[in-house]
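A.B. asks: Grabbed the feature section from Swiss-Prot, which reads as follows:
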ACT_SITE  D7  active site
ACT_SITE  E66  active site
ACT_SITE  D138  active site
BINDING   D7, D138  Mg(2+) 1 binding site
BINDING   E66  Mg(2+) 2 binding site
Amino acid sequence: MRILGIDPGLRVTGFGVIDQSGHTLSYVASGVIKTADADLPSRLGTIFEGISTLIRQHSPDQSAIEKVFVNVNPQSTLLLGQARGAAICGLVASGVPVAEYTALQLKQAVVGYGRATKEQMQQMVVRLLNLSGVPGTDAADALGMAICHAHGGTTLSTLGGIAPSLAKKGLRVRRGRLVG
């Protein structure tokens, strides 16, 4: 199964594509969709078109996107919601099923700790997908979203305390940290 993960943002929308075969996860692609300093409708159009292009290029079977959280700044929350809506429209228009997860679910599923830092997320994504380099935070969050969906949104502790791909390497997660 091929999964497209999306970390929505008005200026930068992260994306990550992985393949899942049983407990094995494989990296396919990741990156960002950047919007120019333009009016809001143009930015939303760029996000929609970017997602549509990714779907044509990678043919995902399913997708996962982060739910909007209420920020201190209501204007930022509204703008994020609109960017998220543009991404979801691109997915739905292409017939790709959409799953939604909170940031807490994402961090628990990938790191095993709901208050994990961006750096911890990046490191776990590198280890889970056996990457040679560290992706940027937006791409790492999007890859994490795809991993979260592959795990069914469950935490590492629900999966027996150890992600199967980490167990093969003799690693486990304790208090949000990777230990050997």
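Backbone N, Cα and C atoms are what each Cβ position is placed from, and that goes for glycine too.
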A.B. asks: Helix, strand or coil: which one is D7 (active site) in, per DSSP?
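C.D. replies: In three-state terms, D7 (active site) counts as strand.
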A.B. asks: Distance between D138 (active site) and D7 (active site) at the Cα atoms, whole Å?
C.D. replies: 6
A.B. asks: Which of the three DSSP-derived classes (helix, strand, coil) applies to D138 (active site)?
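C.D. replies: Where D138 (active site) sits, the three-state DSSP reduction gives helix.
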A.B. asks: So what sits near D7 (active site) in its own chain, CB-to-CB under 8 Å and at least six residues off in sequence?
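C.D. replies: Non-local contacts for D7 (active site): T13, G14, F15, G16, E66, D138, A139, D141, A142, M145.
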